[in-house]
Amino acid sequence: MSDSSLNEKRGPEKDVETASSLDSDVGHRGVKAVEATHRVFGKYSIWALFISLGLAAYIYSLDGTTTYSYLNFATSAFDDHSLISTIQVAQGIVIAVGKPVIAKIADVQSRGFAYVLVLVFYVVGYIIIASAQRVQTVAGGIIVYACGYTGLQLLTQIIIADITTLKWRGLVSALMSLPFVVNAFVGSKISTAMLTGAGWRWGYGMFAILVPATILPLIITLLWAEFQAKKRGYITRRPASDKSFVYKVQSFASKLDLAGLALIGTSVALILLPLTLAKKAENGWKNPSMIAMEVIGILLIPVYLIWEWKFAKHPVVAKRFVTNRTVVLAALIGGFDFISFYISFTYLFSFVIVVKPWTLVNATYFAQTQTVALTVFAITAGFLLRWMRRYKYVLIAGLSIRLLGAGLMIHSRGANASDAEIVWSQLLQGIGGGFAAITAQVGAQASVKHSDTAMVTAVVLLVTEIGGSIGSAIAGSIWTSMMPDKLAEHLPFVDEATRAKLFGSITAVAAQPRGSPIREGVILAYDDVMKYMCIAATVFAVPPLIIALFMPNWYLGDSQNAVEGVDLAGNRVGEPGVAGEEAGLNEERGVTATRTSVDVDAGVEGKALDEKK
């Protein structure tokens, strides 16, 4: 066996110094509370936690499988269908920037408190959308709701990381997505019934009622556990502070690094939003506002970097994360993968509604194809990780399959392509995405201490969601710049006002009978534009595969992470971690490895201290 292959099997031993978060702060209050609650949970209370997590996962999936289709009709109701990409860019930025905020609140305060905050944003956002009288209000409501949606997604993953060891984490994380399989069909029926009956407003509004009903059991369970841990003395009560209110606000803002988040969020927004707005702006890219937004957005990037590096007391992206190869590569994989996904997916539902002779419910089923495949094969990946105790090769396989699916979509998107072909393009992307999403996240979480788990999860998802915003912006730029010209090319016999109506509303297109010159011309225009989107999506699906080749391959054992060697309650355990092939063989023989991940960590820490001296 070559040295390189042996080192690969041994795991990223040389990366322990950068990956182990040696310079991290001591455990946050929220993390210590979590470790303390493990001593409180009994047989029935732990089942209450899992059941309430399942309820939260179910409502999250029901939301995801219904409300996405409402946006197409909500924007069309105000004759502004092309605004979808702009709204999704803004939503993606809020989702990205909101994740570190929620993660820090969960660490600094508690998981239960963070869930309460998430619930408030969720409900208020949907009330705003349901009562909107302008498309701008819909956009504003979606931005508020996005704070709740991103928080629910993130906190569920954080709780799973809190209560599972590495070897089980991928499987449990994937099982939390299992409701997507059921709701792919249930959600399609619900959304179709809403769109043909009560309308898109009630489609959004019903979640203002359902979400509190399903999230409250989880909040109550978490707060109960925290109360019991305090009552039994497992959590030290903080003494009353004599600091002023202003000081407390400033301290809280510093811990959240609100300035840094504002800088990066504003920068990304100013760079991406003009891509979707320029075509509709007066004089297009010659409009001074468009140019100013791009220039200021680009200039804010170095300002953000300087702030994070020199001035932020608690930076969102801490230096130890930037020097952690696993975290950086996982974030880049997620970012490029989401760019690719959102380029082809942003207008996919509108595309099949117009191009394919499918009913609304069948079009909705198709839109869920990738989600169902992703869920099923994420669970498969979870079993593979449990069995293999490594994740890198599952990640590479997944990204290869995803690239194949993206490439197939270039041909299958044609109006005359077979239904089987376009469905298979979505299935392949879902299979690959299921393998990739679980493995990259587990790898990043394995490479840091428990006190950093929440923030690392948030940072990886931050970059991933920014990638989604970039993908939506690219899709919007292609759509708004090409579609009017393509409609003019294929509908030269239609006046400009009618073409503008067809461009602004898919319901106006759907009203045209199939086989009519107008409908066939629109289909050709949609087909041409989607071709460019699919090519771009395939190009961006290549970098994740290349990056994955350099991904460290941590051992997934019985510890909370691979660098501390501690169990879920914070007690030390001895296991291979990154100790190598010999340790793996010893484990199979039932012999405890003598060189644990704790020993490696301690050795590197001592070396780091010697270097400082």
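From the backbone N, Cα and C atoms, a Cβ is placed for every residue, glycine too.
Marked as region 'Disordered' by TrEMBL: 1-23 (among others).
Annotation comment: TrEMBL describes 1-17 as compositional bias 'Basic and acidic residues'.
Annotation comment: TrEMBL describes 44-62 (among others) as transmembrane segment.
Taken from TrEMBL, the feature domain 'Major facilitator superfamily (MFS) profile' applies to 49-555.
Sequence-distant neighbours of the transmembrane segment (82-101) (same chain, 6+ residues past either end, Cβ-Cβ under 8 Å): 71-72, 75, 135, 138-139, 142-143, 146-147, 149-151, 154, 256-258, 261, 264-265, 268-269, 272-273, 275-277, 280, 316, 342, 346-347, 350, 455, 457-459, 461-466, 468-469, 472-473, 475-477, 479-480, 483, 503-504. The transmembrane segment annotation in TrEMBL covers 82-101 (among others).
Per TrEMBL, transmembrane segment is recorded for 113-132 (among others).
What TrEMBL lists as transmembrane segment is 138-159 (among others).
The annotation transmembrane segment is assigned in TrEMBL to 171-190 (among others).
Annotation comment: TrEMBL describes 202-225 (among others) as transmembrane segment.
What TrEMBL lists as transmembrane segment is 258-277 (among others). Here the transmembrane segment (258-277) has Cβ contacts under 8 Å with residues 83, 85-86, 89-90, 93-94, 96-97, 100-101, 285, 290, 293-294, 296-298, 300-301, 303-304, 307-308, 312, 315-316, 466, 469-470, 472-474, 476-477, 480 of the same chain, all six or more residues outside its ends.
Per TrEMBL, transmembrane segment is recorded for 289-307 (among others). Long-range contacts of the transmembrane segment (289-307) within the same chain, counting only residues at least 6 positions beyond its ends with a Cβ under 8 Å from a Cβ of the stretch, are 259-260, 263-264, 266-274, 277-278, 281.
Sequence annotations record features per position, and here TrEMBL assigns transmembrane segment to 365-385 (among others). Note on the transmembrane segment (365-385): residues 64-65, 68-69, 167, 169-175, 177-178, 180-181, 184-185, 187-188, 345, 348-349, 352, 356, 358, 391, 394, 398, 422-423, 426-435, 437-439, 442, 556 of its chain, located 6 or more positions outside it, place their CB under 8 angstroms from a CB of the stretch.
The feature transmembrane segment is assigned by TrEMBL to 422-444 (among others).
Taken from TrEMBL, the feature transmembrane segment covers 456-479 (among others).
Among residues of the same chain six or more beyond the transmembrane segment (529-551), those with a C-beta under 8 A of the stretch's C-beta atoms are 325-326, 329-330, 332-333, 336-337, 339-341, 343-344, 347, 351, 392, 395-396, 399-400, 402-403, 406-407, 409-410, 413, 436, 440, 443, 471, 474-475, 478-479, 482-483, 486. Per TrEMBL, transmembrane segment is recorded for 529-551 (among others).
Residues or ranges marked as region 'Disordered' by TrEMBL: 576-613 (among others).
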Residues of the parent chain within Cβ reach of the transmembrane segment (44-62), under 8 Å, 6 or more residues beyond its termini: 149, 152-153, 156, 159-160, 163, 176-180, 182-183, 186-187, 190, 207, 210-211, 214-215, 217-218, 220-222, 224-225
Distal contacts, the transmembrane segment (171-190) - CB-CB under 8 A, six or more residues away: 53-54, 57-58, 60-62, 64-66, 156-157, 160, 164, 203, 361, 364-365, 368-369, 371-372, 374-376, 378-379, 381-383, 385-386, 434, 438, 441-442
